[in-house]
Amino acid sequence: MASGSGSSSSTSSSALSGRLPGSRSANPRKARILGLFDAIQDAVGPPKQAAADRRTVEKTWKLMDKVVRLCQNPKLQLKNSPPYILDILPDTYQHLRLILSKYDDNQKLAQLSENEYFKIYIDSLIKKSKRAMRLFKEGKERMYEEQSQERRNLTKLSLIFSHMLAEIKAIFPSGQFQGDNFRITKADAAEFWRKFFGERTIVPWKIFRQCLHEVHQISSGLEAMALKSTIDLTCNDYISVFEFDIFTRLFQPWGSILRNWNFLAVTHPGYMAFLTYDEVKARLQKYSLKPGSYIFRLSCTRLGQWAIGYVTADGNILQTIPHNKPLFQALIDGSREGFYLYPDGRSYNPDLTGLCEPTPHDHIKVTQEQYELYCEMGSTFQLCKICAENDKDVKIEPCGHLMCTSCLTSWQESDGQGCPFCRCEIKGMEPIIVDPFDPRDESRCFSFSDSLCTPMLDFDDDDLREECLIMNRLAALRKMNERQNSPVTSPGSSPLSQRRKTPPEPLQIPHLNLPPVPPRLDLIQKGLARSPCASPTGSPKSSPCMVRKQDKPLPAPPPLLREPPPPPERPPPIPPDSRTCRHLHHADNVPCRDQSTPHEAWCTRDLSGGNPASVCRVTHDGSPKLGVPSSSVLNGRHSRMSTEAGFMRHKHHKRRESPLETLRVYNGLSGNEEYDVPPRLSPPTITIHPIVKCPVLVNSVSDKVRNSAEEDDCEYKIPSSHPVSSRLPLHCHSIKHFPRLCENGQCLSNGTHNGISEIKKLKPPDQGDVIATSTVPIHFPPARTSARENHPHGSSLTRTPSDYDLLVPHPGEESFDISPPSQPPPPPPARTCVTEHVMPTALGSRPNSDVDLFLPHSDPCPEAPLPPARRGPGEVKSNRLSQEYDQLPSCPGKGQEKASNTKGELLLPNQNLIMRPT
């Protein structure tokens, strides 16, 4: 026990001496004696600590109070500059009271008193208080002399008390013990601590030295003693996780930490241990006539950072804290600029360029989910969210937030405290490289691998029997494996490299997962109101262009296995209650269902909607072109090829639907649709006349809204949802056309798919509804208002819209009373006409709507269909929202908006965490 106490006092005295033990000015004989004491202590081990109960803590308070009263003597004339012992000890007292208040009951207090770190801390605090009292007792009048050795020892004790206060606040934040959750700044150093010490908060120096020696070899006992005096900031023969974190930040990087420490702390003449701000100014005062003289020390107010004092050209003495770079890099840069030339006034300035090694940048891989999320906000993951101009290239430690170097430098130069996002203390910075998400490579491989590996396969048996599809998937899997094993890609140990690999070890998880970026509610709300791919600003310049998806050939389209029957000449009359809406078509625009589309006409399709930059359409000549997304009807089947979800049916559930667009149907299928091939039913048919002026009716139930950035300024066709009849004559009207999408000759109209959809009703042109007109001008007399437009709407039909409903009635129609097909009537005369008919009187539950909208004409026309029914107010609003969806203005300047929001966040007043005694 005596030997342990003697060793402790010897170590404390060596730490409080002017230079490091083992340095140039140390006495070799004294070093050998200290080495002998250190060997004895290693053999015996540190003494066991008594339980830190309430009585022991109160005893510590009394000792601290005595030290404060001794330091309040006016003869001392202590300067109120860090470290100011008259502030440090009262703050320590207040924090200990806070800790005891959190452990007030007996059970918690017993747990606190047995806490390993707390016992060692209280014991060390008692020893340091007794040592300060002994200084006053032994120094007597010399304590009042500012240049005496006793006064110098008191200043060093003040530094130790300052380190102990910072440590207890870090281990017991808010009075609660968090030592087992303390985050070490450097990832490699944190891995070392967890590997050897687990969740321990503090370990004896002997154990720490042995474990460190396994990773970084310690050459001699003198080097071990010097290393201990540098790491052990509280001088208690223990190394805490807090002290280890400070040491690794000071002498980074971890891979060469002992070499850096030897160059900077042992052999460098400019290093000063346990020196204060005032002492640096006093030491450099004698070199005021030698500009370029400098010394450096540990910052006592910002532990883990360096403070460099130097003499300027005009003889002033300044002190600075270098940011965003290691100390040796700051000294090299300062030497080149002429600031740091003479360490401690000496002419020899060590060359530190040997410490400069190319530090490998951590690669942060942008995942598909992050890519889609930031695209919805009109941004990219790699873009700095403060300036919205530069890419992120630096990571703040330990919180892990990313930004660009210029924003971080500006923030620190403006006296910003902590991280600009979370206000967490900035303990270090690491350069990083953000690898953007490339839809060409990653998503396609992942989609094929997921489609083969996931147990929830939902492919058609016909598709699985095709060799070409299976071979393409296997080739994509091999390519993905080669890319993951390639040295070009970022290493698996880099942060946020969330690849689809085996889960990382639990020890690496805190450093692999970066915290989320603070949400931008304004951008998220805008992103919900529109699709990222439909907006012209959905893909910024810094994001990978979606057009590149077409560079690589897609797998061959599935062959025609279930071909629907050929269409007859004319559509048979079907009761209107079981009929869906019809559109007008031209033969040169409609691709034949029996015609196979060439391989080049296949185009990728985004999961979240059509992207004008990533989809193609088949024009009148049949050639694929970029532009408005088409329905991609191939062989009577809808194209499901996607670069982001292969042939995976279950991926449809992951799409994000806008709250303003509740009418949207993805790929022509509702959310609960489970089939992929239309049922074999006898569909209504059409007769296509490319030259005839009178367009005929085509059955189409693509009543969904398609997103697009282009609008065709041409005349469109008038949809009709009723069969022809000979009861009313033909009328010709003149209506105003509205620009709207027309894909592959098919006019798109709005519809609902909430399980039960109301029959499409007519809406006046002035309400912004989608009106498709023929390419031939149609003239009508003015329509008069109908008294039946205020009638309640008719019964709705249960139907599920789908792209496969083209020329195919809904499967549910067979369960109702459908009239058998009649003989097709003779073709109508070759002239432009729009027909209508009267509703059957048998359907009393369905009121007639707007039959009087088209006036009788003298020219009779057999079999005229009813016009579409007028929409109700609720449907008018839905369609208006859907139409405005394609015409959303571009997002306002993201840079200004984000900068303003961030600025408003950054200007929060800093809280003063220092508690003063009352």
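Using the three backbone atoms N, Cα and C, a Cβ is placed for every residue, glycine included.
Summarising the annotation, Swiss-Prot assigns region 'Disordered' to 1-27 (among others).
What Swiss-Prot records for 1-18 is compositional bias 'Low complexity'.
Averaged across the region '4H' (46-178), pLDDT for the predicted model comes to 92. As annotated by Swiss-Prot, region '4H' applies to 46-178.
The region 'EF-hand-like' annotation in Swiss-Prot covers 179-251. The helix, strand and coil residue counts that DSSP assigns across the region 'EF-hand-like' (179-251) are 46 helix, 6 strand, 21 coil.
The Ca(2+) binding site annotation in Swiss-Prot covers D232, T234, N236, Y238, E243 and is backed by similarity to another entry. Under a cutoff of 8 A between CB atoms, and with a sequence separation of 6+ in the same chain, the neighbours of T234 (Ca(2+) binding site) are S124, I160, H163, M164, E167, S240, E243.
Annotated region 'SH2-like' per Swiss-Prot: 252-354, in sequence order.
Per Swiss-Prot, the feature 4-O-phospho-L-tyrosine binding site maps to R297. According to its DSSP assignment, R297 (4-O-phospho-L-tyrosine binding site) is in a strand. Close to R297 (4-O-phospho-L-tyrosine binding site) in the fold, though at least 6 residues off in sequence, lie Y271, M272, A273, L275, V280, W306, A307, G309, each with a CB less than 8 Å from its CB.
According to Swiss-Prot, the region 'Linker' annotation covers 355-383.
Secondary structure of the zinc finger (384-423) per DSSP, as helix, strand and coil residue counts: 9 helix, 7 strand, 24 coil. Feature annotation from Swiss-Prot assigns zinc finger to 384-423; the stated evidence is sequence analysis.
Here Swiss-Prot flags 481-582 (among others) as region 'Disordered'.
Annotation source Swiss-Prot lists compositional bias 'Polar residues' at 483-497 (among others).
Among the features that Swiss-Prot reports, compositional bias 'Pro residues' is placed at 554-576 (among others).
Per Swiss-Prot, region 'Disordered' is recorded for 780-831 (among others).
The compositional bias 'Pro residues' annotation in Swiss-Prot covers 821-830 (among others).
Marked as region 'Disordered' by Swiss-Prot: 857-918 (among others).
According to Swiss-Prot, the compositional bias 'Polar residues' annotation covers 898-918 (among others).
When the binding-site residues Y238, E243 are compared by the number of other C-beta atoms lying within 10 angstroms of their own C-beta, E243 comes out lowest. Neighbouring residues of the recorded Ca(2+) site, listed in sequence order and excluding D232, T234, N236, Y238, E243, comprise S124, I202, W205, I231, L233, C235, D237, I239, S240 (Cβ within 8 Å of the Cβ centroid).
Assigned with DSSP, the residues of the region 'SH2-like' (252-354) fall into helix, strand and coil as follows: 37 helix, 20 strand, 46 coil.
Residues in the region '4H' (46-178) partition by DSSP class (helix H, G, I; strand E, B; coil) as 99 helix, 0 strand, 34 coil. Counting Cβ atoms from all protein chains shown, N236 (Ca(2+) binding site) has 24 others lying within 10 Å of its own Cβ.
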